[in-house]
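Before any comments, here is the structure.
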């Protein structure tokens, strides 16, 4: 179980969780089968990839849609930002349900829903007399449906993966976000030029639905997507966390530090994700879309994997877990801000791509920092707690960035805002972050689901 093995020894199963499975069930054999655990890791990676293909479809197509429908920067910001209004509503609910019925059920149902929503987006745009309203509503619903994804992953990881290997798993699955942005940035840009913006939504939406079907059919064997009221009310570690205990948990300085830091890093990441395609189009109108939509995310993928391997290696070598989390977050929010500030000055297209690539590559280190720290602090309720971290992240900042661009006519104000928010989150994390358990009830959670 120690993390000192080679890369081929990752994703060790938690022996204390094997007792949750009946000896005569087929699942006990499944749990001891490492290749199946690896298959599930790849499946979750692919699911996160498709999640971001669907999520980034709108930012990729925003410029073309704004030209077709006559949107201003402020209106584009309203459409892009409406995603996060929906995103914050289902965060807590997704974590709550995942902690009780199993993250894979929530992931499956939500993927089928947001995949269908993505595929229907062009239809909504053309059959509504006010496209700005229909697209704002569509993005709100997308956020509503995708909001459960990461709380479900956090719940799944905290209960099934040991501390010394969480960094690798989360960074591997988290790299799917950059892979998805890379794929939709390259293939989406080509489809945008050849077939129009509608094709980007059709392809990414249908592929997501196909992924959900294959997961249900071949990995869950046609079982698992039904969530009953009985399962929601079942007794487990979570059910013993009363309101009073939650208040005590949220009064912990380390928990508050994680909430503030994750809010900051999520806000800045979503702002960059939403506005970078427009930044390059405005600043370098003759540049090829596939270049600036691909290269930064091509850098982010190996960077994310490297950060996970590095953090797990340091912990396995005896370094303090809290210090490792802080080091990863320093790279993510501190060093990346240096390259973000360099974008404020006059620069050429190659240098702009290089600075953005460095920024996005270093930002991925948060998967081994604050994103994993919530599982260190409260593994028995990581799904619900993770939800509080992301709530409202990016809602105001994405919209406010559009306002700044229109009011000042300069992108430097946006990059300065991103740097300021990053430094605020970093200082909070360095000052108060810990890695010891602070959740009230450490009783094991019994889930009839997939153990990784």
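Quick reminder: no glycine exception, Cβ is built from N, Cα and C everywhere.
As given in TrEMBL:
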TRANSMEM  37-58  transmembrane segment
DOMAIN    40-437  domain 'Major facilitator superfamily (MFS) profile'
TRANSMEM  78-97  transmembrane segment
TRANSMEM  106-125  transmembrane segment
TRANSMEM  137-156  transmembrane segment
TRANSMEM  168-188  transmembrane segment
TRANSMEM  194-214  transmembrane segment
TRANSMEM  254-275  transmembrane segment
TRANSMEM  295-315  transmembrane segment
TRANSMEM  327-343  transmembrane segment
TRANSMEM  382-405  transmembrane segment
TRANSMEM  411-433  transmembrane segment
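Listed as Cβ neighbours of the transmembrane segment (411-433) (distance under 8 Å, sequence separation of 6 or more from its ends, same chain) are residues 253-254, 256-258, 260-265, 267-268, 271-272, 275, 279, 282-283, 322, 325-326, 329-330, 333-334, 336-337, 340-341, 343-345, 369-370, 373, 397, 400-401, 404-405.
The stretch from 106-125, 137-156, 194-214 that makes the most Cβ contacts under 8 Å with the transmembrane segment (37-58) is 194-214. The average pLDDT the prediction assigns to the domain 'Major facilitator superfamily (MFS) profile' (40-437) is 84. Pairs of Cβ atoms less than 8 Å apart link the transmembrane segment (295-315) most often to 168-188, out of 78-97, 137-156, 168-188, 194-214. Three or more CB pairs closer than 8 A are found between the transmembrane segment (194-214) and the transmembrane segment (106-125), so contact between the two stretches is assigned (pairs 6 or more residues apart). For the transmembrane segment (106-125), the most Cβ-contacting stretch among 78-97, 137-156, 168-188, 254-275 is 137-156 (pairs under 8 Å).
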